[in-house]
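In TrEMBL this protein carries:
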BINDING   B:His87, B:Asp89, B:Glu108, B:His125  Fe cation binding site
BINDING   B:Cys93, B:Cys96, B:Cys133  Zn(2+) binding site
Number of protein chains: 2
Amino acid sequence: MPSTDAELKKAGLKVTSPRIKILDILKKPEHQHVSAEDVYRILIEQEDEVGLATVYRVLNQFDDAGIVTRHHFEGGRSVFELSAKKHHDHLVCLTCGRVIEFEDEVIERRQLEVAQANQIELTNHSLYLYGECKNADNCEYNTEDANPGRFGV
Amino acid sequence: MPSTDAELKKAGLKVTSPRIKILDILKKPEHQHVSAEDVYRILIEQEDEVGLATVYRVLNQFDDAGIVTRHHFEGGRSVFELSAKKHHDHLVCLTCGRVIEFEDEVIERRQLEVAQANQIELTNHSLYLYGECKNADNCEYNTEDANPGRFGV
DNA sequence: TTTGGTGCAAACGATTTGCAATTCT
DNA sequence: AGAATTGCAAATCGTTTGCACCAAA
C-alpha cells in the first residue's frame, strides 16, 4: 500500500498538510463513512486547524481523483468513504447508524439484466438497505460510535 | 379510486385549494417524479398562485401521510412521487433524466436475505440504477420532457 | 519563482420557519 | 368562532466561490 504522500502525488495533487491530515482520517477504520462536517469536527478535535471550505474542496478533489466515493444517504448530506478496492452496497441500522458493507453477486447480476432489458447502459448504481438491529446487544446504540438520528427516517 | 378531496380528508388534512391543486398535479402521469420546484413551476404555468413555502409544506405533509414518497436522487434535491400501490425501484437515464420504474423479485428476496444474515430487521431500502440510453432514439434527450443535467453525475 | 493551495467571509441553492393574515369546518 | 393553513420574508443547512495570502515544486 502506497504512503499517503505517494497516493496524493499519484492523484496529481500537491502534497499539503490539510490533504495529508484528511486522507489519514479517512483511512482510519472508525471513520469509514464520514460527512464533510464530520471530517472538520475530527480535525478540530485533534487540534488541527483546517478551514471547512478546504475540507469540502479536498473531499471533492479526492472524489474526482477516485480516492473516495461520495454517497447520498437519506437525510441530504453527502457521506464519503475511501474508495473500496471492491464494489459493495450498504446496510444501515437506523437506530445506531452502524453501516454494514455487503456484496451480493445475485443482486449485481440482476441489476445488469434489468438495465439490459430496458436498453440502458448501466454506469453505476446505489443500493441502501435500511433497518434495525434485531438484538439490542448487537445494536451499537449507546456506544461511543453511535450516531443516533443521523440516518433517521 | 377516491377523489382528491376524499384522499385529503382520509389523511386528516383539511381540504384546501393548494393541496387539491398539488395532489392533482402529482396524479398526472407526466408528473410522476417531480421536485418541489417543479411543482411550483407547474402551478405558476397554470396560473395558480401558491407560495413555494406552501408547496414544500404540502409535499412534506403528503410524505408524512404516506400519499407521496420522497426520493433522494443523485444531485441533492428531493423528488416526490405518488406513493405506488406497488413497490418498485428506479432506473435513471443520466443523459435524458428519464426514470423507468421496475421491480425484481430476485433482488427483493436477496435483500431480505442479506439483512437477515446480518441480524437486521429491514424497514425499507432504496435502489437506483444509473445509466444511459443505448440508442439515441430511445433517449428522450432533446424532447420536451428532457431535463438534462438534472441527474448529472 | 511560479503554480497551486488555503482561510475567511460572502454567496448559493434547496428547504424550513416565524408570524400575521386568511380560509376551512 | 376556532383551529388549521397560507404567503411572505427571514432564517437555516449543507456546500461552493471570490479573493488576498501562503506554501510546495
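Including glycine, each Cβ sits where the backbone N, Cα and C put it.
TrEMBL: automatically predicted annotations, no manual curation.
The model shown is predicted, which means the values in this text are computed figures rather than measured ones.
Chain A comes close to B:Cys93, taken from the binding-site residues B:His87, B:Cys93, B:Glu108 by a C-beta to C-beta distance under 8 angstroms. Here the candidates are the binding-site residues B:His87, B:Asp89, B:Glu108, B:His125. The one whose C-alpha lies nearest to that of B:Cys133 (Zn(2+) binding site) is B:Asp89.
Secondary structure at B:His87 (Fe cation binding site), taken from DSSP and collapsed to helix, strand or coil, is coil. The binding-site residues under consideration are B:Cys93, B:Cys133. Their Cβ neighbour counts within 10 Å are lowest for B:Cys133. Of the listed binding-site residues B:Asp89, B:Glu108, the Cβ environment within 10 Å is emptiest of other Cβ atoms at B:Glu108. The local packing around B:His125 (Fe cation binding site), expressed as other Cβ atoms within 10 Å of its Cβ over all shown chains, amounts to 22. Of all Cβ atoms in the shown protein chains, 11 besides its own fall within 10 Å of the Cβ of B:His87 (Fe cation binding site). Between the C-alpha atoms of B:His87 (Fe cation binding site) and B:Cys93 (Zn(2+) binding site), the distance comes to 20 Å. Between the alpha carbons (Cα) of B:His125 (Fe cation binding site) and B:Cys93 (Zn(2+) binding site) lies a span of roughly 20 Å. Highlighted in sequence order, B:His88, B:Glu103, B:Asp104, B:Ile107, B:Gln111, B:Leu127 have their Cβ within 8 Å of the centre of the Cβ atoms of B:His87, B:Asp89, B:Glu108, B:His125, the residues recorded for Fe cation, and are not part of that set.
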